Amino acid sequence: MWYVSTRGMAPRVDFEGALFSGYASDGGLFMPEELPQLNRETLCQWSTLSYPGLVKELCALFIGSELIPKDDLNDLIDRAFSRFRHRDVVHLSRLRNGLNVLELWHGVTYAFKDLSLSCTAQFLQYFLEKKEKHVTVVIGTSGDTGSAAIESVQGAKNVDIIVLLPKGHCTKIQELQMTTVLKENVHVFGVEGNSDELDEPIKAVFADTVFVKKHNLMSLNSINWSRILVQMAHHFFAYFQCAPSLDTHPLPLVEVVVPTGAAGNLAAGYIAQKIGLPIRLVVAVNRNDIIHRTVQQGDFSLSEVVKSTLASAMDIQVPYNMERVFWLLSGSDSQVTRALMEQFERTQSLNLPKELHSKLSEAMTSESVSDEAIIQTMGRCWDENQYLLCPHSAVAVNYHYQQMDRQQPSSTPRCCLAPASAAKFPEAVLAAGLTPETPAEIRALEHKETRCTPMRRGDTWMLMLRDTIEDLSRRWKGHVLNASQ
């Protein structure tokens, strides 16, 4: 299968090329040149599969056995999920009043990103070992991406990872999950800025294509196609767990509520819908509501500031995966997508063309949730079910409660994606007047040694980043030289 840039100016690549590139050379994001179509028969066959089984089928479809033979692929995916705490990897909790919560957080760092990053890291190492190559992964994180990426590659001999975290904008636990990993290939920087600001030096470094090539740089943020691919499995698993029966014609609909910041899970859901999964998408955001405004009014423009909320991992103003959604909505028209995104990058403001906006509002609905509503939802879910939600999951569940309270009876089952465990957000749990439940391995983080290099306001962040990358390249070359002698 071939992948093309949403902006149409970069050469097409195979899965390996998309995996190692992150952004395409023209600033766009990689998407499959053609989307396969799943028929009813395939969906019925897949309906009995486990979550790992669905990941295997989707990856086989989008990677190709000429790149990773099926047996190797299955082994890599089994290895990726071997450290998950739940035997099913992903678990559906069926709660009162039709509330279905899909727990995507049973990985090592208690967040959904463990699912896609553990697989992506296995694919990376598979290709690197075959070619005896080294890469430096550079990541900006708003909280969970950094720790999941570190976890997936720590100790890997062919990979160095540099993570920029926004000092004071993550929870204490999220920060400790990154700064307590002291492996030689892990390099964490604490940036005096928010997650949008720390993305700027990263984007600037990646814009220098000669530098990127010379130092084998890549990103594992949710721009990486491999992550979107694995995240499609969330939607398939949600559908098969919640659909009443696949014997009806047409197949029944399931509504999937997606809490999001950078829109990776949303893009994955929209692609799943496009290839034949009968889901209706609801996108749920916190007070950083650019996606909500886009769906409701076609207004894809930045607010003046990023608002700090209880759902901190979603405190994002630039949901870069919306570019993938726009590309699909435009019928894979890279000229239209390029013009839209270049205007947005130039003016930080964009009104979607009427036709594109009406297609978007047909494809999904949306809501924006305040901190007050997050707290009320966490409290209500506990009162009704003795079930603790993290604040991000509460953003999704709030939509379910709103629909119930409006007494809009619907025969369509609904599934709320839960991206993280409440254990990672004790501050929000306390704010909701509830008692945090902290697992022993999270409590142990407080007593571990930490390592984190500050990036202060006034420092030239891009220069610090480039210097670190050059230093790691020199080290790797020295290592290779010593090994050959």
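In case you wondered, yes, glycine gets a Cβ from its N, Cα and C as well.
Marked as domain 'Threonine synthase N-terminal' by TrEMBL: 3-81. Summarised by DSSP class, the composition of the domain 'Threonine synthase N-terminal' (3-81) is 38 helix, 9 strand, 32 coil.
According to TrEMBL, the feature domain 'Tryptophan synthase beta chain-like PALP' maps to 106-400.
Counting only same-chain residues six or more apart in sequence, the Cβ atoms lying under 8 angstroms from the Cβ of Lys113 (N6-(pyridoxal phosphate)lysine) belong to Gly107, Asp144, Thr145, Ala148, Ala149, Arg227. Look at TrEMBL and you will find Lys113 tagged as N6-(pyridoxal phosphate)lysine.
Summarising model confidence by region, the domain 'Threonine synthase N-terminal' (3-81) averages a pLDDT of 96.
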